[in-house]
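Sharing a structure below in structure tokens format, with a few things to ask.
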Amino acid sequence: MSSIASVFGREILDSRGNPTVEVEVTLESGLRARAAVPSGASTGSREALEMRDGDKARYCGKGVTKAVDHVNSEIADALLGMDSLRQVQIDNTLIDLDGTDNKSRLGANAMLGVSMACARVAASFLGLPLYKYLGGINAKVLPAPMMNIINGGAHAPNNLDIQEFMIMPVGAMTFRDSLRMGTEIFHMLQAILKKDGHVTSVGDEGGFAPNLKNHDEAFAYIIKAIEEAGYNPGTEVALAIDAASSEFYKDGKYVLAGEGKTFNSAELSEWMAEFTRKYPLISIEDGMAESDWDGWGMLTASLGDHVQLVGDDVFVTNPSILAEGIAEGVANSILIKLNQIGTVTETLDTIEMAKEAAYTTVISHRSGETEDSFIADLAVGVNSGQIKTGSLCRSERMSKYNQLLRIEEELGDDAEFFGPMLAEYYSLGTEE
């Protein structure tokens, strides 16, 4: 009764109005589940391939009918009759069927939609919440949220080079309280920006995108919003950034157009270090470009003992690339994005490898999202401790936060919120 009776893909729209893949899997028992695939704006060059049609006469070339056709033909034929409870076997079948290193024949978007939907319907068959199915009986840690409240870089049409400025309400004792704190700070920031004459429209991930003098002004606005919301920066609320440095890495130099500065790797590392000295900055994502492994080594040597250095573009949720990074001592954390690798099994393998190497993990959304809340369950399932799923508006972001509220409620007294543990471990990014 847990065997797969049908696999059906369809083209839907994501939060940016671009097509994406949704897959529905039905079991012989009649149970059915669906999953929708996200899409990124700033992407690593070694990510698994997201298949687009390229037909400029339809959705400006961004249609996904080819990927959907693969779901409804080759993939469906290969999976019919398979046991939905055999996730590893299902994902290995998808990988073998594709036959490429980067999932370019079938498309990672086609494969991931199927993989996620199979996991969800299997959980339903067993009568388990998805997080318990993915993680087992010890799945209980509610992640500290990284809330993106000011956008720059590829996510906003302004003069900020850093892509994301985030708050982390680590002083809360529950996820529910951390969400409330973040929301209050978000609305306070909106009021402050509006009072100062800045536009308060939001970017792809729900953060504000004001034109500011420099990055220090962005930090200053956030600190002011934290304080005026009634919280203490550095004890109750920490900061995090996603520099997305690959986006401004040109010919071996880091060209910060908004700042009017050009840095080499050592200078950029020092620029980042200065932020950690001035602000309660505990986490820096993609502080160096994906191809600048020497720069990553410098940054890790400089800050790695007291700041979380998250590798996104440099690792692209790929276990073989992560293994290289661990061997080279690059970064101390990895961002986990399901669609960078293309199957649930490979994602879980990468998370396990990171944990064995004492790298932290941050479960992440993409800038082009859907209402699917799979990553909320994944974060709790693997006890990641951190999640990055956007700002405090836009329903495709709220769907993840609201699912975490439900999970915390369901876990009751067993729930553990990771915020205070994170704050203690990183000492809020201060230097002795």
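A Cβ is built for glycine as well, from the same backbone N, Cα and C atoms used for every other residue.
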For the (2R)-2-phosphoglycerate site that Swiss-Prot assigns to Gln163, Lys337, Arg366, Ser367, which of Lys355, Lys388 is also named?
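Candidate in the recorded (2R)-2-phosphoglycerate site: Lys388.
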Have a look through Glu270, Glu274, Glu285 and flag the one Swiss-Prot assigns to the Mg(2+) site that Asp242, Asp312 belong to.
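Among Glu270, Glu274, Glu285, only Glu285 appears alongside Asp242, Asp312 as Mg(2+)-binding in Swiss-Prot.
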Give me the sequence-ordered set of same-chain residues, not including Asp242, Glu285, Asp312, with a C-beta within 8 angstroms of the centroid of the Mg(2+) site's C-beta atoms.
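My list of surrounding residues reads Gln163, Glu164, Ile241, Ala243, Ala244, Ile284, Asp286, Val310, Gly311, Asp313, Leu335, Lys388.
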Which residue among the binding-site residues Gln163, Ser367 has the fewest other Cβ atoms within 10 Å of its Cβ, if you could check?
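Sparsest of the binding-site residues Gln163, Ser367 by Cβ contacts within 10 Å: Ser367.
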By CA distance, which of the recorded positions (Glu205, Asp242, Glu285, Asp312) lies nearest to Arg366 ((2R)-2-phosphoglycerate binding site)?
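Nearest listed residue in space: Glu205.
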Using a Cβ-Cβ cut-off under 8 angstroms and a sequence gap of six or more, which residues of the chain neighbour Glu285 (Mg(2+) binding site)?
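Set apart from Glu285 (Mg(2+) binding site) by at least 6 residues yet with Cβ under 8 Å, we have Glu164, Ala240, Ile241, Asp242, Ala243, Ala244, Val310, Gly311, Asp312, Leu335, Val362.
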